[in-house]
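Below is one structure, written out as structure tokens; comments come after it.
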Amino acid sequence: MAEHDFETISSETLHTGAIFALRRDQVRMPGGGIVTREVVEHFGAVAIVAMDDNGNIPMVYQYRHTYGRRLWELPAGLLDVAGEPPHLTAARELREEVGLQASTWQVLVDLDTAPGFSDESVRVYLATGLREVGRPEAHHEEADMTMGWYPIAEAARRVLRGEIVNSIAIAGVLAVHAVTTGFAQPRPLDTEWIDRPTAFAARRAER
């Protein structure tokens, strides 16, 4: 039996903002019915697990207005610079947020953060061969941001204690724990990113 083609019959833009857009699609379901699906379009993002020679990783403590509190997270950033390859975005964010540069980059894990309503996808990189390069002047929430170094095993325990709740950080921490314990291997830097978002970046480029 052939798979059903979920055809989009029509699409309406409800909102276009600085970092996301909201659209309403009419989609044909199996059996012929038409249903409404609302989709948040997103730039997509990258995050970095930067591991030093002793198996420690830096995490940032950043205020998130959505929750009204600070969360422990990985260095990360949006893919909001047109034409910038994702791994170079990751390298820039690593330098800007924690003042580090890495000589080796690999793909650790990709995650679709909210597939029920958003096309946001995040690629988490493993960065090694670290050296300090200094952090540039920060602005907005990042000016308040602090950093801490954690052994990978301790970071994994903090996930399971509920002290790290950011989903991207959880995925990255548990993935690097799997790598360092021999359970899995990271992937090459040029690994295809199947779900990398493109709709919102294209929409912004047209403005």
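Each residue, glycine too, has its Cβ placed from N, Cα and C.
Taken from Swiss-Prot as is:
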BINDING   ARG37, GLU38, ARG64, LEU78, ALA114, PRO115, GLY116, GLU120  substrate binding site
DOMAIN    41-172  domain 'Nudix hydrolase'
BINDING   ALA76, GLU97  Mg(2+) 1 binding site
MOTIF     77-99  motif 'Nudix box'
BINDING   GLU93, GLU97, GLU142  Mg(2+) 3 binding site
BINDING   GLU93  Mg(2+) 2 binding site
ACT_SITE  GLU142  active site, proton acceptor
Inset, instruction - Tell me, in order along the sequence, which binding-site residues from GLU93, GLU97, GLU142 have their CA within 10 Å of LEU78 (substrate binding site). - result: GLU93
Inset, instruction - Work out, from DSSP, the number of helix, strand and coil residues along the motif 'Nudix box' (77-99). - result: 13 helix, 2 strand, 8 coil
Legend entry - Residues satisfying Cβ distance under 8 Å from ALA76 (Mg(2+) 1 binding site), sequence separation of at least 6: ALA45, VAL46, ALA47, ILE48, GLU93, GLU97, VAL122, ILE168
Inset, instruction - Compute the average pLDDT of the predicted model within the domain 'Nudix hydrolase' (41-172). - result: 95
Legend entry - binding-site residues compared (LEU78, ALA114) - highest count of Cβ atoms within 10 Å: LEU78
Inset, instruction - Could you tell me how many residues in the domain 'Nudix hydrolase' (41-172) are helical, how many are strand and how many are coil under DSSP? - result: 32 helix, 57 strand, 43 coil
Inset, instruction - Looking at substrate and its recorded binding residues ARG37, GLU38, ARG64, LEU78, ALA114, PRO115, GLY116, GLU120, figure out the farthest C-alpha pair and report it in angstrom, whole number. - result: 28
